[in-house]
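**Q** Before I ask anything, let me first share the structure, which is written out below as structure tokens.
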Amino acid sequence: MRINPTTSDPEVSIREKKNLGRIAQIIGPVLDVAFPPGKMPNIYNALVVKGRDTLGQEINVTCEVQQLLGNNRVRAVAMSATEGLKRGMDVVDMGSPLSVPVGGATLGRIFNVLGEPVDNLGPVDTRTTSPIHKSAPAFIELDTKLSIFETGIKVVDLLAPYRRGGKIGLFGGAGVGKTVLIMELINNIAKAHGGVSVFGGVGERTREGNDLYMEMKESGVINEQNLAESKVALVYGQMNEPPGARMRVGLTALTMAEYFRDVNEQDVLLFIDNIFRFVQAGSEVSALLGRMPSAVGYQPTLSTEMGSLQERITSTKKGSITSIQAVYVPADDLTDPAPATTFAHLDATTVLSRGLAAKGIYPAVDPLDSTSTMLQPRIVGEEHYETAQQVKQTLQRYKELQDIIAILGLDELSEEDRLTVARARKIERFLSQPFFVAEVFTGSPGKYVGLAETIRGFKLILSGEFDSLPEQAFYLVGNIDEATAKATNLEMESKLKK
């Protein structure tokens with residue numbers, strides 16, 4: 001009796017159940033795959049190519065279906081390098097979009113776009129997974145209440161407050177403290193809100209990703225001894241990855257964040273560094289798929305792609321995802337379609353200033369350039385709004401007087417202007433504060449300052465109550481009581497020296 005090969009061979013029986021196609025064409029990171037008639041995969045389905053290259057090395061490439069071409073062919077974008085692939089190789093249709101691990105098992109770990117751990121710390125529990133392509137929450141699920149997301153960082157909470165479930169753009173060059181600010185926010189959301197964070201490294205330098213991981217371990221944001229106590233999950237798709245991976249890594253990070261929001265009902269911080277690279281990767285893929293380019297060579301689907309990512313970042317009645325996105329501005333041109341499309345989605349901008357960093361004022365957030373749609377009396381209340389406006393006016397006047405001071409000196413100013421300058425310098429220093437994550441380097445303990453304390457402190461400085469105190473007393477302290485205590489200590493020290 002002859003044995004039926006299709007039932008005896010386990011490999012064949014698996015393929016019978018799964019949809020099987022063959023590679024018809026390879027154009028860099030884009031594959032055309034032919035399937036049997038009537039067995040076409042859906043758009044966004046994951047396809048897996050397994051086999052061996054000419055040297056006998058194992059190949060395992062995952063792709064995502066982007067177009068149905070007709071003649072039983074689909075065009076797919078690879079999520080990893082396509083070296084070693086050949087025409088005629090078997091391709092398995094997984095029957096669903098890419099799915100990644102979600103939940104507590106992801107904390108303290110580094111993943112790639114496919115949700116595979118890349119930190120050499122062993123496998124991750126994959127019993128709970130979620131597809132990366134989803135619709136945004138329905139209107140009925142959204143939380144429409146406007147509320148401030150308190151960060152415990154004075155300059156942010158007072159002058160450019162974040163919205164709970166909002167989107168914030170983080171602008172700043174190299175070396176002005178972007179990473180430290182990101183780490184402090186991750187630390188504070190865990191302590192004050194019982195929340196977790198997800199960091200999506202989209203198309204940035206591998207070295208920076210590694211540095212961030214090392215710094216997080218050093219500062220305790222990632223707990224190596226007990227990973228479950230870590231406060232962040234990391235997802236990296238760096239510069240050396242194919243455009244498909246860079247285009248989808250933001251969605252992988254967002255999917256992990258959505259689980260914490262919808263199932264664990266937590267407040268989540270989602271960091272995307274850098275949102276421009278997401279657009280850039282989409283532009284590369286668009287050209288490879290043969291779409292006609294739009295303005296400045298960008299993809300014609302730019303607004304749609306950006307919208308499908310940004311609309312999933314929101315507050316629901318269960319929890320919230322507050323997103324902080326680093327924005328690279330090509331050639332400092334804010335009218336470029338990529339940053340211009342991003343701005344349409346932002347609720348607040350935090351601008352880091354090299355001038356403040358050079359003065360040693362950290363966080364180096366520019367109080368005059370940073371903006372927020374939340375800074376309105378009906379949202380934050382009259383007291384907060386008035387205090388913020390007075391702080392900005394005082395700092396603006398100081399900025400205008402700086403040229404005169406540089407040429408003629410302080411003595412040539414009127415009495416009123418001299419008082420404004422003295423208060424502005426105190427405000428500038430009081431906007432600095434010691435960070436928890438920088439304790440390891442500075443030796444001074446970090447401070448979390450509540451919004452009410454922040455407003456009280458600045459009101460007292462503006463009222464002139466502390467005009468007699470030295471400005472040094474306001475530098476790197478938490479609330480105003482610490483500034484007065486520091487002033488007393490400075491006075492004692494100067495008396496002892498005499």
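Just so you know, glycine gets a Cβ as well, placed from its N, Cα and C.
Summarising the annotation, Swiss-Prot assigns ATP binding site to G172, G173, A174, G175, V176, G177, K178, T179 and lists sequence analysis as the type of evidence. The phosphothreonine annotation in Swiss-Prot covers T6 and rests on similarity to another entry. Annotated phosphoserine per Swiss-Prot: S13, in sequence order.
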**Q** Check each residue in the chain of K178 (ATP binding site) that is at least six apart in sequence and keep those whose C-beta is under 8 Å from its C-beta; list them in sequence order.
**A** L170, G172, A326, L352
**Q** G177 (ATP binding site) has how many other Cβ neighbours within 10 Å of its own Cβ?
**A** 21
**Q** Ten-angstrom check, please: count other Cβ atoms within 10 Å of the Cβ of T179 (ATP binding site), all chains counted.
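**A** Excluding its own Cβ, the number within 10 Å is 18.
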**Q** Non-local Cβ contacts of G173 (ATP binding site) (under 8 Å, 6 or more apart, same chain)?
**A** L352, R354
**Q** Which of the listed binding-site residues (A174, V176) has the least company, meaning the fewest other Cβ atoms within 10 Å of its Cβ?
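**A** Least crowded of the binding-site residues A174, V176, by Cβ count within 10 Å, is A174.
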**Q** Which residues does G175 (ATP binding site) neighbour through Cβ under 8 Å, counting only same-chain ones at least six apart?
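**A** For G175 (ATP binding site), the qualifying residues are R354, A357.
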**Q** For a quick check of packing: other C-beta atoms within 10 Å of the C-beta of G172 (ATP binding site), how many?
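**A** Summing over all protein chains shown, G172 (ATP binding site) has 21 other Cβ atoms within 10 Å.
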**Q** May I have the list of same-chain residues other than G172, G173, A174, G175, V176, G177, K178, T179 whose Cβ is within 8 Å of the Cβ centroid of the recorded ATP site, in sequence order?
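**A** Those within range, site residues removed, are L352, A357, A364.
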**Q** DSSP secondary structure for K178 (ATP binding site), reduced to helix/strand/coil, please.
**A** helix
